[in-house]
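Asker: Grabbed the feature section from TrEMBL, which reads as follows:
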- C:10-74: domain 'MrpA C-terminal/MbhD' (DOMAIN)
- C:29-46: transmembrane segment (TRANSMEM)
- C:53-71: transmembrane segment (TRANSMEM)
Amino acid sequence: MSVLTAVLVALGILVVIGCAVRAAAARDDLVRLHMLAPVTALGVPLLGLGVAITASWTWTTGTVVLIVVLLAVTGPPLTGAIANMIAATEQEDR
Amino acid sequence: MNGWLVAALVLLAGGLLPALWLGATGPAVRRLIGLQLAVVVLVPELILLSMAFGQSSYLIVPVVLVAASFAGTLVYTRLLKAGG
Amino acid sequence: MTILVCAVLVLVAVTGTVVVTTRDPKAQAVTLSVYGLVLALLFFALQAPDVALSQIAVGSALVPLMVLLAVRTVGKGVGKGRDAK
């Protein structure tokens, strides 16, 4: 594992852990939901870039890029769907 | 014990534990956020583990996890809302 | 490697206990999915990716659908029973 890979993977893990801890510590459900976006848009891509640099042009890199892209594409619609559900639930409570 | 495995263990302790706690307490809506967070943390965890094992063919598991969890979460948002 | 398997085994035990002690069926269904994810991680850590693949396919797409539809149907049945009385 090269130094650049180690730094990128460490950064990605730090972002993921920071977001997970903040999501667990937050009081509002919508604030928790906002913590999902940095993980899919920043944390996992950083980690994937680290893996891609180590693996160079192999199937490993291709699969990791596919995973990162899939996660980044499916993230926002799911966040929106959950937010809609939260809004509907709060309206029923009132 | 290589660097990938250490990274996977750190991610397991720091990332998956809060997600599991979120997915195990409170009403169904909050648990659904915990489930989604657990998926998002589990994907890099599985990538790190397959690097630690040195088996790039294992990477198909996180691909399927992303696709299947997309369908599963949509089912939850649909049915939990409709059921009131 | 042993540390990883031990840690994930403890997680499986704790999450399973939480699923059993949850009372609300809907919240229980979501936690059951979380339990399925941890179980898939255990299979993966034991280097059985094919089993983890089946667990993910069944646990995160089919189980929520079946459990929530069942909860819904049972809830409707109870409502009708009360109306009849």
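Glycine is treated like the rest: Cβ placed from N, Cα and C.
Annotations in TrEMBL come from automatic prediction, not curation.
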Asker: Suppose you look only at the domain 'MrpA C-terminal/MbhD' (C:10-74); what would the mean pLDDT be?
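Answerer: Averaged over the domain 'MrpA C-terminal/MbhD' (C:10-74), per-residue pLDDT gives 88.
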Asker: DSSP on the domain 'MrpA C-terminal/MbhD' (C:10-74): how many residues come out helix, how many strand, how many coil?
Answerer: 59 helix, 0 strand, 6 coil
